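Asker: Below are the features listed in Swiss-Prot for this protein:
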TRANSMEM  8-28  transmembrane segment
TRANSMEM  35-55  transmembrane segment
TRANSMEM  84-104  transmembrane segment
TRANSMEM  107-127  transmembrane segment
TRANSMEM  132-152  transmembrane segment
TRANSMEM  162-182  transmembrane segment
TRANSMEM  208-228  transmembrane segment
TRANSMEM  233-253  transmembrane segment
TRANSMEM  264-284  transmembrane segment
Amino acid sequence: MFKQYLQVTKPGIIFGNLISVIGGFLLASKGHIDYPLFVWTLLGVSLVVASGCVFNNYIDRDIDRKMERTKNRVLVKGLISPEASLVYATLLGIAGFMLLWFGANPLACWLGVMGFVVYVGVYSLYMKRHSVYGTLIGSLSGAAPPVIGYCAVTGDFDSGAAILLAIFSLWQMPHSYAIAIFRFKDYQAANIPVLPVVKGISVAKNHITLYIVAFAVATLMLSLGGYAGYKYLVVAAAVSVWWLGMALRGYKVADDKVWARKLFVFSIVAITALSVMMSVDFMVPDSHSLLAYVR
């Protein structure tokens, strides 16, 4: 039974989000790490993300039955009752928000609430099923964890937090569209209006390319704004150029699914590399940052 309750929280998604939380937290800490705050923030975000995933599993159990990738999920197979999952999700959420409020700060908690509401209330309940823009809305909730990590330290939503929000939101788009391409038949069978299904894969490729360009610009802003150093800048530029090259090669490939899967895998490599580099190559913003000259 423990295994089922763990699976329904989507541990892989929790782990991926924690990497970005750590990146945002350490970027803001700039070498002066408050370890109790670090632990409370990680635990709080983990529980909130877990809660959102359980609610998502509850909401999506009808369409999950139609998709090859999700047909064996815990709620689809009836290993946990829908009622029990709702109680479980609620308890996880309450615990997570309380940890963020009392262990971090109210701003971190409210950011968690906003990300949660967007993911569960706006994306899962409505946009995912009814709009081609569901991915765009969902990207905002996916970008919340690193911003929470950052604001847990600063207690302020400054330009650094805004840049993180932009980076991770823009990253979500090609990442998600790549999944929709190599899982095209699943989304089609479940009648989920993702861009590749509604507008076609060729249109999705155009969007992927444009979003990666925007992502590349956003990643550079951390260094230009004086928040991250030049080692981060080099890595950010390198992964962005490589990812963009992969996207452009998509116009000539014979097998879109193979290409999309490779693009998806590299997206994880890219965001992990950026999270690591912003953790270790931070700077204290000052008047010498390039952005200071245009303020």
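Cβ atoms here come from the backbone N, Cα and C positions, even for glycine.
How buried are the listed features, and what sits near them?
Answerer: Distant neighbours of the transmembrane segment (8-28): 38, 41-42, 45-46, 49-50, 53-54, 57, 73-75, 80, 85, 88, 92, 145-154, 160, 164, 168, 222, 227-228, 268, 271-272, 274-276, 278-280, 282; these residues of the same chain sit at least 6 beyond its ends, with a Cβ under 8 Å from one of its Cβ atoms.
When Cβ-Cβ distances below 8 Å are used as the criterion, the transmembrane segment (84-104) is approached by residues 5, 8-9, 36-37, 39-41, 43-52, 54-55, 57-58, 75, 112-113, 116, 148, 152 of the same chain, each at least six residues removed from its ends.
Tertiary neighbourhood of the transmembrane segment (107-127): same-chain residues 41, 44-45, 48, 51-52, 55-56, 59-60, 93, 96-97, 100-101, 133-134, 137-138, 140-145, 147-148, 151-152, 155-157, selected by CB-CB distance under 8 Å and a gap of 6+ residues from either end.
Away from its own ends, the transmembrane segment (132-152) comes close to residues 17-18, 20-25, 27-28, 37, 41, 45, 49, 52, 100, 104-105, 107-108, 111-112, 114-116, 118-119, 122-123, 160-161, 164-173, 176-177, 180, 192-195, 198-199, 275 of its chain (Cβ-Cβ under 8 Å, at least six residues beyond either end).
Taking Cβ pairs closer than 8 Å, the transmembrane segment (264-284) reaches residues 16, 19-20, 22-24, 26-27, 29-31, 146, 167-168, 171, 174-175, 178-179, 182, 219, 222-223, 226-232, 235-236, 239-240, 242-243, 246 in its own chain, all 6 or more past its ends.
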Asker: Please report, as numbers and ranges, the same-chain residues at least 6 past the borders of the transmembrane segment (162-182) whose CB is under 8 Å from any CB of it.
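Answerer: The answer is 20, 24, 27, 135-136, 138-140, 142-143, 145-147, 150, 194-197, 201, 204, 207-208, 211-212, 214-215, 218-219, 221-222, 225, 227, 243, 247, 256-261, 263-264, 267-268, 270-271, 274.
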